[in-house]
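TrEMBL lists B:1-18 with the feature signal peptide. The domain 'Dihydroorotate dehydrogenase catalytic' feature in TrEMBL is assigned to B:4-279. Here TrEMBL flags B:20, B:42, B:43, B:96, B:123, B:161, B:212, B:238, B:239, B:260, B:261 as FMN binding site. According to TrEMBL, the substrate binding site annotation covers B:42, B:66, B:67, B:68, B:69, B:70, B:123, B:188, B:189. Annotation comment: TrEMBL describes B:126 as active site, nucleophile.
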Ligand SMILES: Cc1cc2nc3c(=O)[nH]c(=O)nc-3n(C[C@H](O)[C@H](O)[C@H](O)COP(=O)(O)OP(=O)(O)OC[C@H]3O[C@@H](n4cnc5c(N)ncnc54)[C@H](O)[C@@H]3O)c2cc1C
Ligand SMILES: Cc1cc2nc3c(=O)[nH]c(=O)nc-3n(C[C@H](O)[C@H](O)[C@H](O)COP(=O)(O)O)c2cc1C
Ligand code: FES
């Protein structure tokens, strides 16, 4: 596997601290599967040394889209990317998420965690019934609403400040939705406290989580990513994830 | 010029190796492993080791700080599961071993008497374990003893991987030579501390080891210091990102050079370093390695 420099077709701001970058990457768009991620070089020297892992937010018609929140130096550098630049990408990395057929799929996204669920929704829309509960702090932060609707899912929305949809976290609306579905297959991405609360609330329903913790290489060679497994040991989530059965991790 | 180089009676197709702990067992990018002189495996201990809790990695300007803590599957799984596949690589295989007692190193090298293990790297320098590790590496007496115990149990080449954490590596290099080492690797990571925003240690192992380009000037200094102090070859390691870095280490007196952290940023890095070093030598019309190795001292 070699890094490839893909042309940037567009860069837009989804809300004050979240950006979307669109890459012209036909081969990648065809190959990549929901749950996989790309490891992106930021800056152009050896500093920062590590790439930044980003989930694929969407991929179709030869284009790959990434959505990211600016939280530190690397993502701030990435936000400076302009149309016409090239982005140095290693990937797709990680294992694809399970791809069910003929199931009730429930997607639960919080904040920037909404991003990878859009691609999941797109790929699972044919052959499954896809439901979504999406939450954020404010109406403004509730990204990609239109894109979810365009796929035919009518997401249930929540905001912490009540500015849109149900006031409060995603947990209760997600539990209500799950209770109405026959053998739901749940995928979730969002802040760690949200993931934890969701697993506890939906127990014993299996919940697949997109893990976005700190990693090193992203390719399985450095052992810097480690998620504690119930009963001991670790999940090397860059290679054996990043989508893992949250019921099996002691997190 | 021929790119192959000899060390301890072994021929390496290139002086460039993949360093321990940043290349797992050489199998995920086997095509790259096969472009190298050899690979050094992740450190192996007698029993499996869980390593430290996350987070295990932080960044600093020009480098990283890791606290993996020698997580590895242990000797039995290494021999039963990984070694047969590692054996199919077309490059030299150096197994990095670590013990919490001197006798463990000797037991490891004895039990790794496998035809596809070409040499051992004795890791007396891991900063991320409580017993052994840097504690051994900081003591010339312990380094000599561990090397001697291993020397009695194997005929394969022994490369002792040194630390510079609170010790002069020239002294421990001499101790390794006295104990019967065939070469020394200079350098393992340096102690480092990363703090989170609340002033608490950020890494799960509390402290870690610094590596990457920020380590290069110090590693180069150490190679320049160690090479003339001993009669056995030096394998350099620390911050190599490209062919020019590799050439610097050979100039300073190293015979082989390892690529570590660079592989985390790009798994093609070790192969690229090997190619760039070859280009460097061709462009300067070098006749053999002796034109390059050690020229820093010769020319002064
Ligand atoms: C598989 C995967 C997929 C991901 N997908 C996405 C995605 O689609 N969109 C997205 O927005 N994000 C995603 N992430 C998260 C994203 O990779 C990180 O937000 C990003 O790498 C942060 O880089 P940075 O340089 O901006 O932040 P950094 O500067 O590296 O800091 C990140 C955080 O660590 C903290 N920190 C504290 N102490 C230290 C220290 N000593 N050293 C380093 N850091 C410290 C910082 O305060 C900060 O909050 C994903 C992560 C993974 C693993
Ligand atoms: C994530 C990581 C894991 C490492 N694991 C080992 C190990 O198991 N045994 C060992 O001898 N050195 C280990 N090292 C040290 C490297 O082999 C190397 O000596 C050091 O990183 C300096 O070289 P570099 O700057 O090229 O990375 C590790 C380094 C890193 C970054
Ligand atoms: S990040 Fe290197 S092994 Fe997972």
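A Cβ is built for glycine as well, from the same backbone N, Cα and C atoms used for every other residue.
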Cβ neighbour count (within 10 Å, all chains shown) around residue B:43 (FMN binding site): 25
Proximal but sequence-remote residues of the same chain as residue B:189 (substrate binding site) (Cβ under 8 Å, at least 6 apart): B:66, B:127, B:208, B:209, B:210, B:211, B:215
Cβ under 6 Å from ligand 2: qualifying binding-site residues of B:43, B:67, B:69, B:212, B:261: B:43, B:212, B:261
Integer Cα-Cα distance in angstrom, residue B:69 (substrate binding site) to the residue listed as 'active site, nucleophile': 8
Distant-in-sequence Cβ neighbours of residue B:42 (substrate binding site), under 8 Å, six or more positions away: B:20, B:21, B:23, B:24, B:25, B:72, B:96
Proximal to chain A - recorded positions among B:42, B:123, B:126, B:189, B:212, B:261, CB under 8 Å: B:42, B:212, B:261
Largest CA-to-CA spread of substrate binders B:42, B:66, B:67, B:68, B:69, B:70, B:123, B:188, B:189, angstrom: 16
Rounded Cα separation (Å) that holds between residue B:212 (FMN binding site) and residue B:67 (substrate binding site): 14
Neighbourhood of residue B:239 (FMN binding site) by C-beta distance under 8 A, where only residues 6 or more apart in the same chain count: B:63, B:211, B:212, B:213, B:214, B:215, B:216, B:219, B:245, B:261
Inter-residue Cα distance where the pair is residue B:67 (substrate binding site) and residue B:123 (FMN binding site), in Å: 15
Neighbourhood of residue B:67 (substrate binding site) by C-beta distance under 8 A, where only residues 6 or more apart in the same chain count: B:52, B:56, B:57, B:128, B:203, B:204, B:205, B:206, B:207, B:208, B:209
Pairwise C-alpha maximum, in angstrom, for the residues (B:20, B:42, B:43, B:96, B:123, B:161, B:212, B:238, B:239, B:260, B:261) that bind FMN according to the record: 20
Per-residue Cβ crowding (10 Å cut-off), top of binding-site residues B:69, B:212: B:212
Rounded distance in angstrom between the Cα atoms of the residue listed as 'active site, nucleophile' and residue B:43 (FMN binding site): 9
